[in-house]
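The feature domain 'Cytochrome oxidase subunit II copper A binding' is assigned by TrEMBL to 97-208. The feature domain 'Cytochrome c' is assigned by TrEMBL to 213-307. According to TrEMBL, the region 'Disordered' annotation covers 308-331. Residues or ranges marked as transmembrane segment in TrEMBL: 22-48, 68-90.
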Amino acid sequence: MVDKSFRWMPEMASNFALDVDLIYGFLVLVTVFFTALICVLVMGFAIYYRRGAKVDRGVRFHSNFMEVVWASGPFVLSMAMFLWGALVFFDMKTPPENTLDIQVVGKQWMWKIQHPEGRTEINALHVPLGQPVRLRMISEDVIHSFFIPAFRVKQDVLPAFFSQLWFTPTKVGTYHLFCAEYCGTEHSQMIGQVVVMHPQDYARWLADAKNDPPSVVGERLYERFRCGACHKADGSGNGPALAAIFGKMRPLKGGGAQAANEQYLRDAIMNPHKQILAGYQSVMPSFQGQLSESDALAITSYLKSLSVEPATPPAPKDEAKPATTPPGGNE
């Protein structure tokens, strides 16, 4: 049954929804108040000082106090709104440490989504209730915009550049997903749904996947394109060794350094001449056109897995040794 009830705002289903709605509602109230005040004053003065009215127009009123109030009042109000909005904005741009990271690739005219365990979706996003989720997003063609009205989150998705957004779902249900940036003739069809599930249901849903994790797919691509021929493990090839590089600072030719993050690794695959490592020549060919953004993300996931240190097994406990007494004496 279709819900035809009037809604002032979309349903609230994330940790940001209430804050965004409060700011929006406050801005509307302030706007309505000052608009009504100005309209009433204009109409009142127009009637009071209309032509033919017996009013002394020679009296001039001046008050320093009124000028201070009129100048400082709106300033304090506007700064309060700015600070309130800035705090919410910074919160929306600073994901916590324990996020569930999901990859999103925008493409005319669909959303391609991959979960860490390997399960993929088209125009749908399944997430667990109460779990902070971070979306790492990139476009294969033009600018898109990932928009979930019920979550009050929206983020442009750019070609050749990673963007991200995060949220914590707070209500089980199915919610609209839109592209909010005109991206071509079928822009209106670039829609989907976000499904919020109980954690145990989400775990069962993930377990039904037949896909390999991105790191496994990336390893196959790494071997297929013979990346190891130049990137030898001992560093003797034409390119640097790639094991355990993720997150480390890389010295660049000509000076400076760059952290080996997702953006750096993606650029090194698609546009290797953009940043040349110190001590190496610009001999690597570009894989732009040979690899999709999804392929580049998979290879990046594989390289990240090479940087994960294996868990160190606990040291064996020393077994208690029986006390020995030297012959003819005591310890």
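Going from the start of the chain as shown, residues are counted 1 onward.
Cβ coordinates are placed from backbone N, Cα and C, and glycine is handled just like the others.
The shown structure was predicted, so the numbers you read here are calculated from the model rather than taken from an experiment.
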Per-region confidence, the domain 'Cytochrome oxidase subunit II copper A binding' (97-208) (mean pLDDT, whole number): 95
Residues in the domain 'Cytochrome oxidase subunit II copper A binding' (97-208) grouped by DSSP into helix, strand and remaining coil: 15 helix, 61 strand, 36 coil
Structural state census, the domain 'Cytochrome c' (213-307) (DSSP three-state): 37 helix, 10 strand, 48 coil
